[in-house]
Amino acid sequence: MDDHVEHNYNTSLEEVHFKSLSDCLQSSLVMDYNSLEKVFKFSPYSSPFQSVSPSVNNPYLNLTSNSPVVSSSSNEGEPKENTNDKSDQMEDNEGDLHGVGESSKQLTKQGKKKGEKKEREVRVAFMTKSEIDHLEDGYRWRKYGQKAVKNSPYPRSYYRCTTQKCNVKKRVERSFQDPSIVITTYEGKHNHPIPSTLRGTVAAEHLLVHRGGGGSLLHSFPRHHQDFLMMKHSPANYQSVGSLSYEHGHGTSSYNFNNNQPVVDYGLLQDIVPSMFSKNES
């Protein structure tokens, strides 16, 4: 009798156990931990499954709960907002840095341009005893200014080469110590040849420089300054080049020569037309 009662009791307990467990698993996603305690006869103190509230401050929430509340916790939402904020800040910072970089580049370019303007051009100055201020040198010039010179009654005239994209300038003034001397200073380098209409005249008068030992001085200067020494005036109007200074940067070199020495040879023209000079000598 007792065995039968005990068997029925165990059977009913198994049915209740199965029914209660299946009901608990199929009831909802959030388990009823209190019913599990009744089925497995856990005490409230020893049960690892305790009813918890979806609070952010609960340390067991991320470990025991599978509810959507945990998956959308504030710990996952904040980095997105912070990431967006940081990305925005990064973009702003990059924009600021980019702007600063561009401005610094512009300043650097401006500084370079200013530095290039401050660089001194090559200058060649020579004195000529002449009654004419503006001496012919083979190039075309345009006068763009005139300025008074301190302690001198003679003004200084400024000229610019008329060829496009040529920045060569020259200034002409008379010496206040000796008004018969004209000081002509060239600045820069011509980026073009002598105009074709003046080549023949200048080449023919190249003899004036070669006479009197001037040939060695002519070849001691760069090619673009050799044309400056080819004058178009006759010896009756001036006494060739009395002195010449060559300035590059901070160094200046002076040369003196005389045009009244006896003729040694005919220079370049004798090489070109030797028959002409042989007839004259005969």
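Easy rule for this one: first residue shown is 1, then count along the chain.
Cβ from N, Cα, C; glycine included.
Annotated in Swiss-Prot:
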type	residues	note
REGION	63-121	region 'Disordered'
COMPBIAS	65-75	compositional bias 'Low complexity'
COMPBIAS	77-99	compositional bias 'Basic and acidic residues'
DNA_BIND	130-195	DNA-binding region
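Residues in the DNA-binding region (130-195) partition by DSSP class (helix H, G, I; strand E, B; coil) as 0 helix, 27 strand, 39 coil. For the DNA-binding region (130-195), the mean pLDDT of the prediction comes to 91.
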